[in-house]
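The next block holds one structure in the form of structure tokens; read it before the comments.
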Amino acid sequence: MQKLTILGATGSIGASTLKVIEQNPDKFSVVALAADSNVEKMQQLCQRWQPEYAVMANKEAALRLKMALAVLAPNTQVLGGQEALCYVATLEQVDSVMAAIVGAAGLVPTMAAVKAGKRILLANKEALVMSGQLFIDEVEKSGAQLLPVDSEHNAIFQCLPQTVQGNLGRCDLASQGVSHILLTGSGGPFRYTDVAELEAVTPEQAIAHPNWSMGPKISVDSATMMNKGLEYIEAKWLFNASRDQLKVIIHPQSVIHSMVQYLDGSVLAQMGEPDMATPIALTLSYPERVKAGVKPLDFTQVGELTFLQPDFERYPCLALAIEACYLGQHATTTLNAANEVAVAAFLARQIKFTDIARVNDSVLNQVCKQSLASGLDSLESLLELDRMARTLADEVVRERAQ
């Protein structure tokens, strides 16, 4: 029986994880559930799963949850704050940690789980975007096992040899006969929209993803293709890939979740319904496979599969992310912070959809001019840079909102 802590239990990844566990009650059990501030949802989950621990990052939310669970789940211990997140991520009885807290907030508890040598089911892409080398070094030092949950990285993982699967972050792709990793993305809801019309896009339009069911932030990132940009950075670290080895391809149907091209001309592709339960099930059970509650792909209903080159005029955020990836850690940490602020401002109707890329570009330029590439050798220094970039982004948002 594998024992789990789920960081980000009230989000879409948390829901899919619990769906897989429900399919396999003899294989997995939930020790701790953690979330940010959604008390109502957490209350329902604690009633259903009766975990040993329930943690809210927001301490006020934790107090409200504690009162609600006094009768509904009296055996569940309720804790609050970031220290509590780290505590349940490192519990001795926990084997695996689902790291699914969105954004920079997930970095510290995920890193705590890594240092504790846990099996890390990595859904929080910001952990690698913000702290790439530091994160990979800690994984190696602690002996933690790293398994990618993101559908694209999970697809790539499945298409790679076992020697690479067991050596993420340190592998040599060329020595394994790999020529290219082909990272696919749907292109979001605006792949055929006239570029001139993107300025008028509303939050409601941006979060209506054609294929996947996701939270609002990641849906906007998918519309700008910043999501693919962050995944590009993540893939660089996970698979130790060079710029020449990593390519982005738009695949509107989201049937192929990514591919690996080999030196002999072979291409291995992982295909399936666009349902996060599939990659989650694999990371939970690896190297075995278990039921995920996902219907099998019906090839007679798939129709045509199409592939396009990304248009960087339509997707400036993708271009920025690829550029930042090779500028260094200071650039990717900055871009991630600026983007979180910009997307939140867009969702709050403070800036236009096309301003997201402008905010990101402005903050990235400001930070890169300050020569901050050196000295980012600790989690604290990265978090300080993250704070600085957010402050700069807030200023740019205020300017654009006037």
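Cβ atoms are placed via backbone N, Cα and C, with glycine included.
These come from Swiss-Prot:
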BINDING   THR10, GLY11, SER12, ILE13, ASN38, ASN124, GLU126, GLY215  NADPH binding site
BINDING   LYS125, SER151, GLU152, SER186, HIS209, SER222, ASN227, LYS228, GLU231  1-deoxy-D-xylulose 5-phosphate binding site
BINDING   ASP150, GLU152, GLU231  Mn(2+) binding site
Query: When the Cα-Cα distance from ASN124 (NADPH binding site) is computed for each of the binding-site residues ASP150, GLU152, ASN227, which gives the smallest value?
result: ASP150
- prompt: Given the NADPH binding site residues THR10, GLY11, SER12, ILE13, ASN38, ASN124, GLU126, GLY215 in the record, what is the largest Cα to Cα distance, rounded to whole Å?
  reply: 21
- prompt: Around ILE13 (NADPH binding site), how many other CB atoms lie within 10 A of its CB?
  reply: 29
Statement: For GLY215 (NADPH binding site), the closest of the binding-site residues by C-alpha position, picking from LYS125, ASN227, GLU231, is ASN227
Query: Within 10 angstroms of the C-beta of ASN124 (NADPH binding site), what count of other C-beta atoms is obtained when all protein chains are considered?
result: 28
- prompt: Between ILE13 (NADPH binding site) and ASN227 (1-deoxy-D-xylulose 5-phosphate binding site), how far is it from one CA atom to the other, in Å?
  reply: 15
Field: Conformational class of GLU152 (1-deoxy-D-xylulose 5-phosphate binding site) under the three-state DSSP mapping
entry: helix
